[in-house]
Amino acid sequence: MLRLITQLSEAQTEIKRIAARTHSEQVQHQEATVREILQNVRRQGDEALLRYTLEFDQVRLAPGDLVVGAAELDAAYQRVSTSLLKAIRLAKQRIEQFHRERICKSWVQFQDRGIVLGRRYTPVDAAGLYIPGGRASYPSSVLMSAIPAVVAGVPRIVLVTPPNPEGKINPAVLVAAQESGVHEIYRIGGAQAIGALTYGTRTIAPVSVIAGPGNIYVTLAKKLVYGEVGIDSLAGPSEVLIIADSTANPVFLAADMLAQAEHDSLASAILITPDGRLAERTIEAVDRQLENHPRRTLTEKSLANYGLVIVTADLAEAAALSNLFAPEHLELEVEDPWELLEKVRHAGAIFLGHATPEAVGDYLAGPSHILPTSGTARYASGVGVETFQKCSSLVQYTPQALAEVGEAIDALTAAEGLPSHGDSVRLRLQQYENPHSPTQQQQEE
């Protein structure tokens with residue numbers, strides 16, 4: 001089931017294949033469907049949302065059912081266990097503590113001649129958070145997306161998630177949303193939810209930024225609306241890449257690989273090690289742990305299609321293969337992970353050492369688990385406070401400072417053929433030099 005590869009060229013080919021697993025002709029067909037859904041939501045608003053909820057979720061809603069009301073929110077607390085509520089609050093505390101250290105702070109710099117330069121950070125007006133739902137429940141994704149928005153100071157935070165077959169939202173999701181500070185919750189999902197957040201409907205006001213993971217339809221919808229709203233990233237199937245040496249425990253490695261593969265049939269789990277015996281023992285451990293796995297069929301399919309065990313010449317070669325893949329999650333299960341870290345350039349989140357399984361980061365370590373996938377860690381980052389903030393440059397000049405750069409600006413504007421740019425400086429300097437002389441406009445009047 002798990003393929004063992006010992007040739008570098010074959011390993012490179014397979015890693016590229018797995019990284020491109022979402023790029024298919026089927027995606028092109030799905031994009032056409034998503035485009036139609038978005039257009040209908042833009043034109044028909046709530047009517048389209050209700051129709052698509054019935055079609056895709058098999059749930060019939062009335063217009064007033066889209067919003068999750070106070071009674072359902074209050075009742076959610078009665079339907080979660082004390083242990084789960086305690087875990088949600090612990091996760092919230094740790095996630096919030098981490099993100100408070102990441103707030104982008106405004107600054108100004110005072111230079112000679114009275115020049116002031118700086119940057120001013122402000123939150124977006126409204127953030128939309130997409131949380132997968134239906135039969136599944138992901139309260140951790142609520143915490144990981146909502147808390148950075150709250151810390152950023154976003155005044156309106158909206159959460160959308162598809163209902164279950166009874167038309168309800170999982171109580172754990174509702175509790176996590178309330179604990180995190182979400183302001184509005186709507187029971188809609190899929191591409192239609194992204195359309196509602198982008199264009200607005202009678203019930204749902206539009207937002208400025210959309211964040212959160214979803215299926216291929218949600219991802220394509222985010223891709224198509226980007227530019228009208230901001231987005232965090234285009235999420236693909238989940239993935240983990242583990243670099244291990246002889247100090248690693250194959251039982252732990254197998255568990256970490258299965259933890260990724262059990263997500264869905266497109267998930268990827270890759271182990272790279274210079275220790276051939278460790279590679280073989282890990283494959284054996286995977287087989288043993290799969291015997292009574294409750295999601296065995298799905299997990300086996302994932303491992304068969306997108307699971308690899310690669311034996312390399314050394315750890316440097318392993319790091320090079322990891323950089324080629326640019327994984328969402330990277331585990332460094334080696335004797336000195338901080339030394340190996342120096343060779344790592346591309347990864348969404350990096351877990352260092354034998355006692356740091358990815359699951360710690362998935363739930364409560366602090367950094368968001370909403371991370372770049374499908375090789376996008378080469379240029380993208382995970383969700384954070386900065387996802388919900390934007391920056392304005394600050395510039396102030398005095399007449400004296402403007403005079404010192406006037407000649408340079410005049411030369412540059414002349415080179416670009418933009419005379420009014422030059423005039424905007426020249427006219428000011430003329431007035432500053434002769435404050436009592438009339439400007440050209442005054443002369444013409």
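For all residues, glycine too, the Cβ spot is worked out from N, Cα and C.
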Same-site residue for substrate (record: Swiss-Prot; known: SER238, GLN260, HIS263, ASP362, GLU416, HIS421; options: HIS99, HIS183, HIS293, HIS329): HIS329
Binding-site residues near HIS329 (active site, proton acceptor) (Cα-Cα within 10 Å), from TYR130, GLN192, ASN215, SER238, GLU416, HIS421: SER238
Pairwise CA distance, HIS421 (substrate binding site) versus TYR130 (NAD(+) binding site), rounded so that it is a whole Å: 44
Sparsest-packed of the listed binding-site residues (GLN192, ASN215, SER238, GLN260) - C-beta count within 10 angstroms: ASN215
Inter-residue C-alpha distance, HIS263 (substrate binding site) and ASN215 (NAD(+) binding site) (nearest angstrom): 12
Cα separation, GLU328 (active site, proton acceptor) to SER238 (substrate binding site) (Å, whole number): 7
Maximum Cα-Cα separation (Å), residues TYR130, GLN192, ASN215 listed as binding NAD(+): 13
Cβ neighbours of GLU328 (active site, proton acceptor) where a neighbour is any other Cβ within 10 Å: 29
